[in-house]
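S.K.: Quick one: this structure, given as structure tokens, is what I'll be asking you about.
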Amino acid sequence: MSEERTAWGWGLASVDAAGTTLDVWYPELNLGEAPAESDRPNHNFGTLAHDEADARGIRRVPVFVVSQLDEPISNAADAYLKLHLMSMRMAKPNTLNLDGIFAQLANVVWTNYGPFAVEDFTLRKADVERASTEAALAFASQAGLPAAAPAATVNVFGVDKFPRMIDYVVPTGVRLGDADRVRLGAYLSSGTTVMHAGFVNFNAGTLGVSMVEGRVSQGVVVGDGSDIGGGASIMGTLSGGGKLRNSIGEHSLLGANAGIGISLGDNCTVEAGLYITAGTKITIWDKAKAAAGEPLEVVKGAELSGKDNILFIRNSVNGRIEARYRKVGIELNAKLHKN
């Protein structure tokens, strides 16, 4: 019988007027068996925690959470703990049981003032802006400054179940061109650069130094030294009911506006604009057979999934998709990844 894996820690939960947990922030987490209640360390949230609702209608409540990593998600606090574990690099993608995560997470209005409940957002937005303006006027009066107050504006980043990673976890050695395009639960190894058009979903990410200019879908992992070109995409498991998790090996390149519905092994390249799925018919290039006029083998993309040293191209003369042997993989520019 395998030993149960657990993680634990103090979180600060945002709870709305209906008692719904909108988010939980964990500044620190621990792996292993949780201490007994009498041995638990104290939290250090101080005045960040408040049991009286603020202008958003939100209370911030300290919660001590123990997560069973191999069990389905039990509640929102459990979901946020597992998402934090991945973004903190304490658990790699596809190693935690995330079953039920969508059902346990509330849809939230994410703003520069923190999370709001969707149901009463318009009224709460006015309350926050009014309270902020009044506080600014009071400060100006006490400081002997002109009475004009800057306009306090609630800016909405999105309405979603998942927040931006960067508001909860800032991993070291990483560059992010646009914070909105990396969800909490993304795993970004040191040396990763996510450009402005890149996107990394939760339970997905990079296992080494990587360049991400395209989309890394849920469940997808990218190996060390690989490059996801601008506009490129990798099929995930959230849409269409698919169960197969695709991945990219080391020193591989998914060209600009290319895409895959299969896994790439090490030292592979998919040329720009080429999309390969499991059912794509691919011709195996053989120079000797071609010279002798013999027919070339044709296979489905699924048969090449995960294999190393392949160059996938579309023959510009006859239009067929070909797989050719490739001796070496790509090398990233080291200067771009000293983060």
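Start at 1 and count along the chain as shown; that gives each residue its number.
Cβ atoms are placed via backbone N, Cα and C, with glycine included.
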S.K.: Have a look through R215, R245 and flag the one Swiss-Prot assigns to the succinyl-CoA site that G230, S233, A256, E271, A272, G279, K300 belong to.
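M.R.: My reading of Swiss-Prot gives R215 as the candidate in that site.
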S.K.: So how far apart do the succinyl-CoA binders R215, G230, S233, A256, E271, A272, G279, K300 get, largest Cα to Cα in Å?
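M.R.: Largest Cα to Cα distance for the succinyl-CoA-binding set is 26 Å.
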S.K.: Would you mind checking how many other C-beta atoms are within 10 angstroms of the C-beta on A272 (succinyl-CoA binding site)?
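M.R.: 17, counting other Cβ atoms within 10 Å of A272 (succinyl-CoA binding site).
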S.K.: Which chain-mates of R215 (succinyl-CoA binding site) that are at least 6 residues away have a CB under 8 A from its CB, listed by sequence?
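M.R.: Result: G198, F199, I228, A232, S233, I234.
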S.K.: 10 Å Cβ neighbour count around E213 (active site, acyl-anhydride intermediate)?
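M.R.: There are 20 of them.
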S.K.: Among all chains shown, work out which of the binding-site residues G230, G279 has the most CB atoms within 10 A of its CB.
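M.R.: Compared across G230, G279, the most Cβ atoms within 10 Å surround G230.
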S.K.: Could you give the Cα-Cα distance between A256 (succinyl-CoA binding site) and E213 (active site, acyl-anhydride intermediate), in whole Å?
M.R.: 8
